[in-house]
Each structure stands twice: as C-alpha cells, then as structure tokens.
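**Q** What TrEMBL shows for this protein is this:
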type   : residues : note
DOMAIN : 751-843  : domain 'DYW'
REPEAT : 101-135  : repeat 'PPR'
REPEAT : 202-236  : repeat 'PPR'
REPEAT : 303-337  : repeat 'PPR'
REPEAT : 404-434  : repeat 'PPR'
REPEAT : 435-469  : repeat 'PPR'
REPEAT : 536-570  : repeat 'PPR'
Amino acid sequence: MAATLLPSPLTSLPEDGIITVQNKSRTKPTNFSAVGSLKTCRNLNELKQLHGQITKTGFTEAPTAMTKLISACSEMGTLESLNYAKRIFSLFMKDEERSNLLFMLNTLIRGYASAGMGEEAILLYVLMVNQGILPDNFTFPFLLSACTKISAFWEGIQVHGSLIKMGLESDIYIENSLIHFYAENCEMDSAREVFDKMTERNVVSWTSLICGCGRSGNPKEAINLFFEMVESKIEPNPVTMAGVISACSKLGDLDLAKRVSSYIGDSGIELNEVLVNTLVDMYMKCGAIETAMRLIEGCNDRNLVLYNIVISNFVREGLGKEALTVFSEMLQSGLQPDRITMTAMVSACAEIGDQVFGRQSHGYILRNGFDRWDSVSNSLIDMYMRCGDPEIACRVFDLMLNKTVVSWNTVIAGFISNGDLGSASRVFKSMPQKDLVSWNTMIGGLVQESWFEDTLELFRMMQNEGVKPDRVTMVGVASAIGYLGALDLAKWVHSFIKKNEIECDMQLNTALVDMYARCGDPESSIQIFYEMEEKDVSAWTAAIVAMAMEGNGARAVELFDDMIREGVKPDGVAFVGVLTACSHSGLVEKGRRIFRSMKDVYGLFPEIAHYGCMVDLLGRAGLLEESLDLINNMPMEPNSVIWAALLAACRTHNNIELAAFAAERVTKLAPERTGVHVLLSNVYASAGKWADVAKVRMQLKEKGVQKLPGSSSIEVDGVIHEFISSDESHPQMNDITRMLDEVNCRLKDFGHVPDLANVVLDVDEQEKEHVLSRHSEKLAMAFGLINTSNRVQIRVFKNLRICADCHSFAKLVSEIYNREIVIRDNNRFHFFRQGLCSCRDYW
C-alpha cells in the first residue's frame, strides 16, 4: 500500500541522514534527523522525497514522525499538500494500535480551515466523531474558523451546541472563535451574548466584536466598544485599530476620527502599511482630504493599495480630475494598475465625461484580462452610458460571460440617464432575475420622466410578485402620488409604510411632507415635519413649500427663520421656496429682505430662478415698472420664464403695452411656447380689443396650435370624472345643470354678480354669462355637491389658473352649502372654508 502512495527513497543521503543496519526485514533508525529536516522542505516534492526516506528507514511506525509529516503538509496550505496529508493519515489510521489520531485530525482541520476549504474541515470533524475520537478544546477554534470562512452558519450553530454539551464553552480561545463566527455572519446579538458571558477577555475578544459591529452596519457601537476596551486597560493592537478606523470612515465623523488618530499617536502603536491605508481612507471619507494628503506625503512606501484608496475616494467625492492626477502619479512611480484601479479610473471617466481616456482604459482592461471581473465590465457599461454611447455599453454587456443582476441594473440605469425609458423598460422585462434595486431603478426612472401613473402600476406589480419595498421605493412612490395629487392614495401609502415597518429616514419623511403638501393636506404635511427627529435643508424646504402652496406666506417665512435659528444654512432651493411663498401672499418687503440676504448674509449669488421669483413677486403686487427694472439689471440674460412671469402680471393688472412687449420677448426666446399667445389674447380680450384678439388667434391658427381648453377633474368613490369647459357630454349633465341653476339662484340671493370680464369671447352678455357658468371647475363642483355626502370635502384639480369669477363662486358655495372645497390649479392650492379662501384673494 505504501508503495503506491510514496515515492522512491533518496538515492543519496546527507551525512546526518538515517543510518540503517543490514537486516532487510526491519530497519532501525539511529537518530531523528530526517524528521527534523521536515522543517526545511520548501515544496511538496521535497517533502515527498523526505517521506520516502522516512518510509525506507521504517520510521513511519512512529506516531511522532507521521504527526510531524502531516503538520508539515498542512502548513504548506495547498490543496495538493493537504490531500497528501489526508492520505497519509488514512493509511496511519488503519493500524488500531497507533495513537495520537486526535492531534493529527486537529492538524488537518486547521490546515483545511486556513486554506479556506471549510467543507473538507467539517467532513474531517464528522469523521472524527464517527470514529469515536473525542474532540478537545483545540478542535473547535479550527472548526469554527472553517465554518466562518465558508459562511456555514447552521453547521456553526451545531458546533456551538456540541461544545456546550462537552463543557468547553468557557475556553477563551473557543469563545473568541465563537464571537468571530457570529460577527462574520452578522449575528451581532449572539456575538455580544458570548462576549458578555466571558469571565476573561483579551484583545482578540474585543477586536472580534469591534470589527463585527463595524462590518454589520453598526459603526457607532464599534467606536463605543473601543473606548470601553481602553477603559478596561486592554491595549488594542493594529488589527483593532484598523477596525476602529474603518468604523470612523463609515460614520464620516471628523472629530471622532481625530480622537482615534490621536490615540494611535499617544499609545505608540506602530503605523504599518495597513494602518496608514485605513487612516488615509478614514480622513478622505470624513472630508479631511488635505490631512489625508499630508499623511500620504510622509509615507515613503506608497503601495498600490494606498493609491487605489485615494483614487477611489476621489471618484466617490465626484473629483474625477483629481483621481486622474493621482493615477498619473502612480504610473510614474512604476506601479502597475490592477482591476480595482481600473474600475475606479473608468468611474472617474464617467464622472467627468472623458470617453477618450475611458476608451484607453477599456483597451488596457482587455489586454490584461480584467474584463472577466463583473465589477470592471459593469463600470465600463456605466461609463459608456453616462458618456452618451449606449450602443458600446450594450456591446460590453453582450460580451459579458456572467451577467449578474448588477450588470442588468447598470444597463437599465444607463438607458434612464439617457432619457430612453422604452429601452430601459424592455431590458427590465427581459431580466432573468430582478432584485429590489431593479424595481427601485425603474420606479425612479418613471418618476424622473413624469410617468406617475405608470409608477404606481409598477409598484402594484412589485407587490403582486412579493417583492418587499424599502424606503427608496417609497420615496419614488410618494413623489408620484404627490404629483398626481391623489390624497386617498397618499394616506394609504403612509399607512402602508407604518404597517410594513419600512424605515422612515430623513429622505422618506421629506418625501412624505412634500407628498401631502402637493395633495392639498398641509396639516398632515406639517405634522410629519414636526415629528421628524432630524431635519436637513431639504426637509425645511419641503415644509416651507407646503405653506407656500397653501397660501400661508407668513408661516412659510416663520419656518424659514426657524431653520436659520436651528443652524441650518439655506440653499438655493430653500430661497426659491420662501420667495415663492412671499410672492403668493404679497409679502413684498419680506421678499425683498430675503432676496438681499442671499448675497449679503449667506454668500449665495441669486440665480435666474430667484430673479424669476422676484419678478413674479413685484408683478403680482402691481409693481410692474420695478419688475421691469429688475429684469433689465439682471447679471444674466433673462429667459422666457422671466418674461412670461411679467406677462402674467400684466394680465392681472391690465397693462396692455407692457404685456405686448413681454409677449414679444417670450416669442423671440422660446417660439414653441404658444401659451404666451393665449395669455396675450386674454389681455386684449379683457380690455375689449377684439381686433387684437383676432390677430393673435390668427397667428395661433397659422401655427396650427389650438387654445388648451380648461379642464377639471374630481374623484368620487375611486372614479375620476373629468369636465371640460362648455362640454355637456357627461352622463349626469342634466342633474349637473339643475344643480348649477340652484347654486346660481342662491348666489344671486347673496348678491353675487358674475364677473363677465373673465369671458374672453366677443359675444353678448347673456351668452357670456352662460359660458361663464359652464367653466370646468363649476361643473366639477356641482358634480361633487350631487354625488358626495354633506360635509364631505370636495377636491377639484384644474389644468389652468382659476379665474376670478370661479374663485368667488367657490367661496360662496363653501359658505352656503357648508362645504370645504379644495381647488388645485396650475399654480397653487385654494382652500375654501366658510366663504373665505386660504389665498386671501391674492393669487
């Protein structure tokens, strides 16, 4: 049997080799030098030759020799050497008189575990148990290490049970192995339970728990444990510090990072390569790039890992050009990029839109075979997509041998970023397997392209397929519902989030604040805002906009001032929100003060959107000349939106000459904006200049454009009913007409006189009155009065700005019929209660 396993003995022996007697039936060693020289074997071939020599001398009968031989094979740590050791053990085990089997098995288990071949290690343990060999306290640390490396969680649980039955759970080495096992499997509660029960803890115990907390998404706990460890007089080692530094990186807390860094300096822990690399990564992730670069300057050995950390962090921060500079320095130092470097460099090219260098990087990747890595190919797909070349991106995708779900998601996201939602949808439908990111990407894309109803339909499909949504999903869904203004759906979604215990972070809470505001429920919007534990500038802005849409400009300004008192610096979007609120409420002086503070107090230079708000604010207040002066003195060229805002103000205040001038400027800058002609036509109609009305409408006709008819919709019992001005095709039109006649009679008793100036047709007064009575919002309100119970809120959505007569009509209906009426036009919400409107007749 031995002849088939072992090679021929050495043809020549060293002077200190084995000396044998001439008795061929039995050899007898005179010393142990052959066994001792096992330590000098450099590879398996040399070890096999020495094994042959030992076999020839008969020393294989000695358990010590075989144990050392198995140990030497195991320490080599290759699959071939470990299997060779296992075969030696199998032969040795057949002799029942031979002992020391436990040590041999422990050695083999350790070898397989160290080499990452956990399944083999576990099978050896099973063999040990089946042979009746009782494991000891040396067996279980190696066995748990094997379970950890291959994520054999349930096997590890059984091992834990076995060692408890044997009474070995109090061994510190086993306890440390258990902590490491549970931590690596993100079972931190179990790891902490083992840790808390330990009667003695060493640096390994603390380090395993600290690193586990950091990896499992609880970096704060990792930092707390570190300081607790220091207070317990346990000195951390470099591995501990690497875990703590990594936790600081995840938190992005610069003050904490400095404290940890100071401890390293004070404690005298030697800065090895690993610690330097983690420190640089920590400082860069905490935003202290200059500190990180100073640390790099003092580093003599700048290895590839360090360069990869710097380049990757620059890319993560959106500093693609800086990443290219560091990459160039790395090449000059003689280091060769690896796949991690090239992944980061391709991402840098995507960031700055440099397809030329991206193609060069692609060539290097192909020459070095890096494209076989999924992450590299995925970054190439992303780069070509972001550079506007989806054709090449798809070619890279098609050539991938292993298309992971990440690859599919990258293609979908790329098509969405290029505005090609059709292709994105086709790829999504053809995916062999979808994950949550796939659904979230499509939902986000649909919202981005304003396909709100499709967003909700996709969300329903997601639920039907049993995919559990997360906070990212719900942010997209809440945004879609907000734009649709579907209050019932908004309430359902809010309830769904609570029922399914979806994490409501600051972003999702902000989306809910915005959703309720857009659905005309400012009370729920503000309630959610005040319940938020943390509020950033986006959350404050959403609350400010909620008040602006309600018409509560004073409250919006109060919120803006509260935000500043809380130490939150307003950004450009926040200023747009509060200036809009001032505009809708006629708060001219406050608007002027806030506008000036942008530059004088916060160092923000007003952009064209802010000037647009001020033009609208001044124009609504009738300060048309001041508004025009502001336009003429803007530091940038006014766009069509600016002139359109002035035109709308001229319509409100009947300034015909300035309206014609503003309309001319809009037409020149944006000839596709045909709505401007309609607005100008209405200005002429209000002034009774019917010839000019005819001229403008002729221009529209020549362009093939028709005036957008006013339409209003109302939802009753889950069904949306749409009404178009003067259209009498609704099935309940007879009932609606009778309801309108009743309402008009009761309004006349209250002294209401129709405002015929809102009819822009050259007809007699009787006809004007009839046209006015058939405005779409009046039809919708009458339908609501007929088909809803008393005291039920009537909610109407209109595609155009509500006219003054319909506004007066809604106020009186709310009082006469004791109904709350909510009308959202294309500009804002109007809340009518007891004869009053939230806009205070200023809109």
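Glycine is no exception: its Cβ is also placed from the backbone N, Cα and C atoms.
No curator has checked TrEMBL annotations; they are predicted automatically.
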**Q** If we skip the immediate neighbours and take only residues 6+ beyond the ends of the repeat 'PPR' (536-570), which ones have a Cβ under 8 Å from one of its Cβ atoms?
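**A** Result: 506-507, 509-510, 513-514, 516-518, 520, 522, 525-526, 529, 577-578, 580-582, 584-587, 590, 594, 602, 828-831, 837-840, 842-843.
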**Q** Within the same chain, where does the repeat 'PPR' (435-469) have neighbours whose Cβ lies under 8 angstroms from its own Cβ atoms, ignoring anything closer than 6 residues to its ends? I mean 6 or more beyond.
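**A** Counting only partners 6 or more residues beyond its ends, the repeat 'PPR' (435-469) has Cβ contacts under 8 Å with 405-406, 408-409, 412-413, 416, 419, 421, 424-425, 428, 476-477, 479-481, 483-484, 489, 500, 502.
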**Q** Do any residues of this chain, six or more beyond the ends of the repeat 'PPR' (303-337), have a C-beta under 8 angstroms from a C-beta of it, and if so which?
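**A** For the repeat 'PPR' (303-337), the nonlocal Cβ contacts are 273, 276-277, 280-281, 284-285, 289, 292, 296, 344-345, 347-352, 354, 357, 364.
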**Q** Sort out the residues at least 6 away from either end of the repeat 'PPR' (101-135), same chain, that have Cβ-Cβ distances under 8 Å to it, and list them.
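**A** Sequence-remote neighbours of the repeat 'PPR' (101-135) are 66-67, 70-71, 73-75, 77-79, 82, 85-86, 89, 92-93, 142-143, 145-150, 152, 155, 159, 162, 166.
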**Q** Grab the same-chain neighbours of the repeat 'PPR' (202-236) for me: Cβ-Cβ under 8 Å, and only residues 6 or more beyond its ends, written as numbers and ranges.
**A** 172, 175-176, 179-180, 182-184, 186, 188, 191-192, 195, 243-244, 246-248, 250-251, 256, 260, 263, 267, 269
**Q** Using DSSP, what is the helix/strand/coil residue split across the repeat 'PPR' (101-135)?
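**A** Summed by class, the stretch gives 27 helix, 0 strand, 8 coil.
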**Q** Summarise the model's confidence over the repeat 'PPR' (435-469) as a mean pLDDT value.
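**A** For the repeat 'PPR' (435-469), the model's average pLDDT rounds to 94.
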